[in-house]
């Protein structure tokens with residue numbers, strides 16, 4: 001008698017598939033919530049770190065108060081009551097690693113919220129691989145000669161610096177146009193300038209025309225070395241009448257006339273006439289008084305680098321017509337970085353990602369790789385954040401406390417779910433009847449009333465139920481029958 005219902009239930013494969021889809025969607029939704037919460041925690045951690053590093057002695061009334069405040073800020077950042085010694089060590093190593101990176105690379109890595117030094121290295125390696133094929137060309141501005149390799153022989157001391165796009169066989173680490181100093185020296189006692197090396201760094205895999213790194217040394221009678229900051233992007237400076245210099249863009253029409261700076265060399269601050277921007281050479285940062293505005297679409301940007309990126313996207317495939325920095329096929333690949341194309345695709349399920357590090361993390365789902373192991377019980381996890389949450393089971397730690405009732409939780413998502421009891425918030429609404437719920441799982445359970453889905457089946461008689469609690473209650477009937485027999 002019991003075999004016939006089992007055969008009938010086995011034929012309901014569409015229902016089983018529907019159940020599987022519902023479970024997968026529920027897991028993806030919960031995973032998405034955990035990802036947002038994790039990113040929020042990383043942002044909070046970074047804020048605490050900056051408060052600790054930027055604390056000044058003048059902010060406290062005395063030395064004892066200063067020490068106490070520093071200790072408090074350090075605990076807020078490293079959270080020794082939550083993190084293990086290994087995790088605290090990893091945070092310190094990661095901070096120092098980001099500190100020694102150039103400023104542009106720091107910004108790029110920070111945007112991806114790395115949790116460990118290994119993740120930061122993976123992000124940088126991904127960035128290098130994506131920009132290895134950029135081909136650049138430098139042309140002499142006045143003589144029309146193409147200059148390859150990394151040296152220039154200037155004719156005189158009045159510095160007349162010109163910027164041109166370059167195409168060279170040398171290997172570069174960025175998709176940014178290479179910049180070359182073209183120095184004119186008119187002094188009789190001048191000697192040939194030293195070799196000038198062309199370097200470039202990357203800011204969020206963007207073409208940086210607005211951020212200037214390094215220090216500019218003045219020429220006073222005799223030629224001096226004007227390339228003092230090795231490993232940084234060199235920018236074009238044009239000295240007019242011995243009073244001002246002008247910084248211009250490498251591609252007038254492709255990028256638009258973005259930057260035409262009239263600079264004062266005497267001070268540390270350089271002002272921009274068009275948008276009243278101010279550049280601090282020492283801090284390598286722009287402090288805007290106004291936003292740069294794109295003339296075609298009227299969109300404004302706070303940072304010049306964002307403005308340039310917008311110009312690139314807006315120009316699209318037209319960029320290759322105005323300069324020799326990129327040829328058409330390479331331009332398409334280069335522009336894909338800014339357009340948000342997901343070029344890294346999973347061979348198993350076809351899901352695409354923008355960065356190879358995210359793809360590598362995703363592929364652990366298919367391979368079953370679990371590289372993070374618990375020292376207490378030996379259980380392994382695919383994500384470091386999962387291991388951190390698991391360790392709280394052993395430590396009994398519940399760092400997330402409710403301010404209303406004092407109840408504590410080991411996960412922030414559980415605290416958020418609990419707080420809806422106090423706020424009476426019900427964000428999950430049924431599209432069929434409009435009924436709302438505090439938890440997404442309650443909405444999924446309720447939705448089975450409308451769909452008629454009964455995913456929980458009794459192994460004894462084949463009867464199906466919409467809720468697992470009803471199945472458990474039903475199975476007690478069979479248990480009693482077995483005891484009586």
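Each position is counted from 1, following the chain as shown.
Cβ from N, Cα, C; glycine included.
What Swiss-Prot records for this protein:
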type: CROSSLNK; residues: 23; note: SUMO2 cross-link
type: DOMAIN; residues: 62-127; note: domain 'SCAN box'
type: CROSSLNK; residues: 162; note: SUMO2 cross-link
type: CROSSLNK; residues: 195; note: SUMO2 cross-link
type: ZN_FING; residues: 290-314; note: zinc finger
type: ZN_FING; residues: 344-366; note: zinc finger
type: ZN_FING; residues: 372-394; note: zinc finger
type: ZN_FING; residues: 400-422; note: zinc finger
type: ZN_FING; residues: 428-450; note: zinc finger
type: ZN_FING; residues: 456-478; note: zinc finger
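For the zinc finger (344-366), same-chain residues at least 6 beyond its ends with a Cβ under 8 Å from one of its own Cβ atoms are 112, 119, 122-123, 125-126, 129, 382-383.
If you take every residue in the zinc finger (456-478) and average the pLDDT, you get 89. Applying DSSP to the zinc finger (372-394) sorts its residues as follows: 11 helix, 4 strand, 8 coil.
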